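Colleague: This structure is in structure tokens; I'll ask about it shortly.
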Amino acid sequence: MDPGQVDEFVMGYLKKKGFNSAAKHLQESLHNNNGSTFSSNDYHNDPELNKLIRSFSQSENDPSRYREGYSKLRSWGYNSLDLYKHELVRVMYPVFIHCYMDLVGKGHTQEARSFFNSFRKDHEMVHLRDLQKLGGVLAPSHLQEMEFARSLRQSKVNIKICQYSYDLLIQYLHRTESTLMLGIINEHINFQVYSGQPNSASDDTEAVTIVGSFHETADHVNQKEIHWGLLEDSLEDRLEKTGGLLSDSEKGQGESKAGDMDDSKKRSAEIGKQGSSIKKLKKDKAGTATAKVARQETSTVLSSMPRVKPELAMPVMSADVEESILEDLRNRVQLSSIAMPSVSFYTFVNTHNGLNSSSISHDGSLVAGGFSDSSIKVWDMAKIGQAGSCGLQDENNQTVGLNGRRNYTLLVGHSGPVYSATFSPPGDYVLSSSADTTIRLWSTKLNANLVCYKGHNHTVWDAQFSPFGHYFASCSHDRTARIWSMDRMQPLRMMAGHLSDVDCVQWHPNCNYIATGSSDKTVRLWDVQTGECVRIFIGHRSMVLSLAMSPDGRYMASGDEDGTIMMWDLSTARCITPLMGHNSCVWTLSYSGEGSLLASGSADCTVKLWDVSSSTKLTKAEEKNGNSNRLRSLRTFPTKSTPVHALRFSRRNLLFAAGAISKPSS
């Protein structure tokens, strides 16, 4: 290369890689030297530097260098010592995708496809969905037109790696003169180097994270103010003011005051039983004292929560429904790590893999299932097992009673598979969503379809009633979520911003916000009044399938396809702690009534209970240091062979679960 070409190449390289300041200084220096190559002699006098520049210039036009460089890096990484291999292999995926996109961007389409197909199997286990999207990038224009590809090009990957692993990688790149791989790594990867031995592969769930323009957007969105408190004059407030929040033992004690004197005389007369009676009395008093402490803590927490006004016009609650809810709250069982709930599991049989979703009413009296044949079936638990209602199979494998009638209500109206069926808070309506792009409202009293809501452009994956009924939210394959009211045919609000399917939706307890989980691996929080995104939660490594809000409205749990559950603080958008334990999709999550326990249901055929009260009580030092791994799994309930589709804590804190039994593959 002659001196002029060297200067021209260096200038072009600096501008291309974004080193604008260095390019400017070089241009000024050349200008000050009247355009002469002030340092050309230095280039030629330094053989190593000249060799480096030649290799850069060759790599610009030789597509085979990508395959050669990546193949060598891959072989070196997978043949490293086991102690460091898992950290070094983390580098492979970002290098792989950017090698592919560089080849596409330079017009080497055939070489890009060959490279992609040769090495994609290395990454399919963890990144299958991303690879399926990336496989659609076939031309340079796609890198700008496709949101997924554009976000990858504009972002960087943060990788945590120990000092020794980092040194090994740098030594390899310099020793083998892998300048192309070094350039890709410098441009697209930020290393967070820590001292000491490498962490195990499963210890750090945030070892690889994506930052960049999208991350900056999320940081900006997360600065917005949100009001996560409970609604003013809620039923809990009224119950607390009237002193109705009493334990069962307290109520029993109050009801028996009139007979205390007589009971005391009888016990004194029965001398032989006196000792045991005194012990029992002491035990009862101790239990009452414990219940009082638990109730006082709950009362204190409730009273300390901020109060907000509703942004939507709240529906008027009937006196009967209000009294029923108050009665349930009065009789609520206090749960904790030492007082766990009873679990009632409803198992669907003979579904022939046709059950897509299930739901349980708030009191557990009704169970609904959405099926692939476009039907919805609703079971009344009070009628199951009654005389004349025992289950038999007819010629179509339908469950019928001894009197020849079905023991469920069949709702027909959709023209595609039903992906969600949800009860309204009082249980008088069922809301269903389907692949036919519609949402339907059904009456459980009339057993009829009342309204068909149309607005989404593709499959509607989920639809959920608000905590007070009347309003509901839906989410779809069209990448949007929408807010509806029962009395209007068109949506009130549309929330757009996700980069892929919106798979699940959940209301905030104060009804001012909804949360959405997406296949783009993020969770978003939206203001229902403005339709604006006010929080973006980044951390999941696979599609988000389930969401749950804590009763006080401060925390949120999200479950993903890999089996990871993440606990979020809504005010800061920070992950409190990831919950590791499931080994398959987390399909459903539910908080207990007082918010001390979280239940999770998974495709791995288990229900798990987590102690979330301790994890959310962090000291200032822990919040500052980010050390919050205090949440623990309390208990695992395995099923025989039933993936868990739905969970519901009743208002009295009984845990209901539902799923379809699956025959193990032989």
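From the backbone N, Cα and C atoms, a Cβ is placed for every residue, glycine too.
Grabbed the feature section from TrEMBL, which reads as follows:
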| type | residues | note |
| --- | --- | --- |
| DOMAIN | 60-189 | domain 'TFIID subunit TAF5 NTD2' |
| REGION | 244-304 | region 'Disordered' |
| COMPBIAS | 248-270 | compositional bias 'Basic and acidic residues' |
| REPEAT | 348-381 | repeat 'WD' |
| REPEAT | 411-443 | repeat 'WD' |
| REPEAT | 453-494 | repeat 'WD' |
| REPEAT | 495-536 | repeat 'WD' |
| REPEAT | 537-578 | repeat 'WD' |
| REPEAT | 579-620 | repeat 'WD' |
Colleague: Six or more residues out from either end of the repeat 'WD' (495-536), which same-chain residues have a Cβ under 8 Å from its Cβ atoms?
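Modeller: Distal contacts: 129, 147-148, 151, 217-218, 221-222, 224, 226-231, 308, 310-312, 314, 461-468, 471, 473-477, 479-483, 542-553, 556, 558, 560, 568, 570, 573.
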Colleague: Would you mind listing the long-range same-chain contacts of the repeat 'WD' (411-443), meaning Cβ under 8 Å and 6+ residues beyond its ends?
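Modeller: Non-local partners: 321, 324, 356-363, 365-366, 368-378, 449-454, 456-465, 467-469, 472, 474, 476, 484, 486.
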Colleague: Averaged over the whole of the repeat 'WD' (537-578), what is the pLDDT?
Modeller: 91
Colleague: For the repeat 'WD' (348-381), DSSP counts of helix, strand and coil?
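Modeller: When I sort the residues of the repeat 'WD' (348-381) into the three classes, I find 0 helix, 19 strand, 15 coil.
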Colleague: Within the domain 'TFIID subunit TAF5 NTD2' (60-189), count helix residues (DSSP H, G, I), strand residues (E, B) and coil residues, in that order.
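Modeller: Tallied per class, the domain 'TFIID subunit TAF5 NTD2' (60-189) gives 97 helix, 9 strand, 24 coil.
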Colleague: Tally the residues of the repeat 'WD' (411-443) by DSSP class, grouping H, G and I as helix, E and B as strand, and everything else as coil.
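Modeller: Across the repeat 'WD' (411-443), DSSP assigns the residues as follows: 0 helix, 20 strand, 13 coil.
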Colleague: Over the span of the repeat 'WD' (579-620), count residues by DSSP class, listing helix, strand and coil in order.
Modeller: 1 helix, 19 strand, 22 coil
